[in-house]
Number of protein chains: 4
Amino acid sequence: MNKIVLLTGFEPFGGESLNPSWEAARRLDGVELAGARVHARQLPCEFGAALAALRWELDALRPTLAVAVGQAGGRAELSLERVAINIDDARIPDNAGRQPIDRPIVAGGPAAYFSTLPIKAQTAALRRAGIPAAVSQSAGTFVCNHVFYGLMHALAGGPARGGFIHIPYLPEQAAAHPGAPSMSLDTISAGLTLALETALTATTDIAETGGTTH
Amino acid sequence: MNKIVLLTGFEPFGGESLNPSWEAARRLDGVELAGARVHARQLPCEFGAALAALRWELDALRPTLAVAVGQAGGRAELSLERVAINIDDARIPDNAGRQPIDRPIVAGGPAAYFSTLPIKAQTAALRRAGIPAAVSQSAGTFVCNHVFYGLMHALAGGPARGGFIHIPYLPEQAAAHPGAPSMSLDTISAGLTLALETALTATTDIAETGGTTH
Amino acid sequence: MNKIVLLTGFEPFGGESLNPSWEAARRLDGVELAGARVHARQLPCEFGAALAALRWELDALRPTLAVAVGQAGGRAELSLERVAINIDDARIPDNAGRQPIDRPIVAGGPAAYFSTLPIKAQTAALRRAGIPAAVSQSAGTFVCNHVFYGLMHALAGGPARGGFIHIPYLPEQAAAHPGAPSMSLDTISAGLTLALETALTATTDIAETGGTTH
Amino acid sequence: MNKIVLLTGFEPFGGESLNPSWEAARRLDGVELAGARVHARQLPCEFGAALAALRWELDALRPTLAVAVGQAGGRAELSLERVAINIDDARIPDNAGRQPIDRPIVAGGPAAYFSTLPIKAQTAALRRAGIPAAVSQSAGTFVCNHVFYGLMHALAGGPARGGFIHIPYLPEQAAAHPGAPSMSLDTISAGLTLALETALTATTDIAETGGTTH
């Protein structure tokens, strides 16, 4: 046992009193999966500061696998994000009150990075286990995409793999957002566990469509 | 303890291998709530036969409260149904292969019955408890509405109260319906328990809007 | 030519500067369809006052056919409403500032009235003509349902037929509601024309499902 | 007058008998806008062949501005696409029966290209003109994204600007897809005209959010 998994969640934002990404990540802190130990860390929901904290953890932990998790209020499934794009375009202010519009995350950086997680194998494994999941073609343009891009930029060229998973509201959040789907913390945690195990054990991804026509 | 609650769920339909309404109802079978005992019964997903089975149970049990529960694949919340309408219009065949179109459930019966459950108080109690819930203005025109209408017709003029609650897919069902919302069996069961307790203890409903502009 | 069609639309509400139901209805004022002449009238978006105005027009015009039209912001199609229910439950105040909750429209009236329009034949004719349309199981609980119920109550027992059609936003409205569907005034007007013609010429409705499972 | 605009639409796919992108583009063929002439061309809905045809037109016409347009059945608005990603992942086969999964469009190409259209200024101009429009963060992973990526790859480093606009179904298409939003050909054509004019006259984009939180 010396492989390390870094699993991050966010602090609450947008008026919520909790963030399901951190509630789920903290549950897995210290757990052993497929010969690796999970280290859960909370990130601030702030442009810049979130990435600074992430880079500090990457340097300190030197993980084999680094997965960031974020809340996607309104989505019904675990979303295996395919691609991070090099832009911040905030529809609402972050927790520090900043609202960048059309600013690159890394000046001169590539336009995008693809996840290096086996997102098709993860989606298939989750569905087989009865956990709603889908590949997503966009992680948005807020702090989640910011962290996803920054993570992939930090890992680029190295051996560690990484990616981003969006999760639904918890039921207690959705109760205040009529019409919004939700997922229980038990289901989310089981899903993240399985997604991490699949990432740790899959050597290559599977060829199964996760695309959209538009 | 001599008050009786009849709680019905349906057998699977539409290609599913289970029906969350029966999974949830059976969990509550025998439970005591606010001085009443819950009797859970499964109904066939068939026009006519479902109502015959329901009437048999009503006669046998003489419940104080009768609540029918049904699966609403695609909805994200517990739906407290407001009104049952006197029409069968089946988009898909029922489990006996019948697909009635625009036929009255009770010839000469009223066009509709309103639920006699305190649906606003139930919605408020569920949301306060962190369980996603909403009033719904239509229970559709399939076997669910058929049973809801038949239930209210049977109870009409008597002292017992009744109504219908639609529930989402379970996660293991939604895993096979990409994009569909779901709710865990624990959350559904807790929600039904609270909805029944509220119905058993509320003397009148509360004045809180549950309407829609269209 | 002595058959008369009453076609009503509403004044704007909910912060909009126009109401597509009146824009479409006024276009058809004076038009002859299948041997009948259309009389378009605008109704206030107010509980009570809308019905008073409607009854005055019914008395004055003695129409063979009376169709009320209303805006359903968020819907994508022409909605042929199946049923009006005897309840006002206002999510937002009407144009007079009133917001009734769970109050019957007609005290002691039936729980519901079904449309007496051939809604299946209309839906089929519209789709054949390339105009998006669907049967709807709920007209909501606001002023639209209020007028629909009051119209059917006024026509009950008489020879005249009537019903309600909900229509989408116009594009210029949807431009201010990101994500909302819309329909051009030309398409809406062509659709209402065809729906009225179908109602004037169809002697019975067709047997084609327009139902929902929930 | 010697500036040239290349405007492409697609042939029908997915069982449709027309493609609104070509219906709209052909209407603008030969039109003069802001001192430029529009050349409309139809592309096959085939991976590879679509890009070959596009490159041929780019070489032949040497346009100042090149905008590809595609059908996005299910969307309600004109979608100004922000980013093209270097991947083909076909949920359905293309018109030649090919269905690539997770294959790069340009081997060794950048992970993504951003549109060089002023998508925020276009969105704002369209909404001001009463035409529903929004920035989109994903053009999918089918032939539309394929052409968008290939277009931006071809234009990279040169002076010409380019991008991609997704459009809704026409009403006659949506009539066969219950629930689907649509937009009239008049509105789509007016929207594309305004979007092209804005691209031809705007020197820089405006700073207005078009982002999403996820």
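Sequential numbering from 1, following the chain as shown.
Glycine is treated like the rest: Cβ placed from N, Cα and C.
Quick caveat, the model's predicted, so the values are computed rather than measured.
According to TrEMBL:
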ACT_SITE  D:Glu81  active site
ACT_SITE  D:Cys144  active site
ACT_SITE  D:His166  active site
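Shown on the structure are the features that TrEMBL records.
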residue	record	DSSP (3 states)
D:Glu81	active site	strand
D:Cys144	active site	helix
D:His166	active site	strand
Ask   = Roughly how many Å separate the Cα of D:His166 (active site) from that of D:Glu81 (active site), to the nearest whole number?
value = 7
Key: active-site residues in contact range of chain A, given that the Cβ distance is under 8 Å, out of D:Glu81, D:Cys144, D:His166   = D:Cys144, D:His166
Key: In the chain carrying D:Glu81 (active site), residues 6 or more apart in sequence that have Cβ under 8 angstroms from it   = D:Ser115, D:Ile119, D:Ser136, D:Ser138, D:Ala139, D:Phe148, D:Gly163, D:Phe164, D:Ile165, D:His166
Query = Got a sec? Which of these active-site residues, D:Cys144, D:His166, has the most Cβ atoms within 10 Å?
reply = D:Cys144
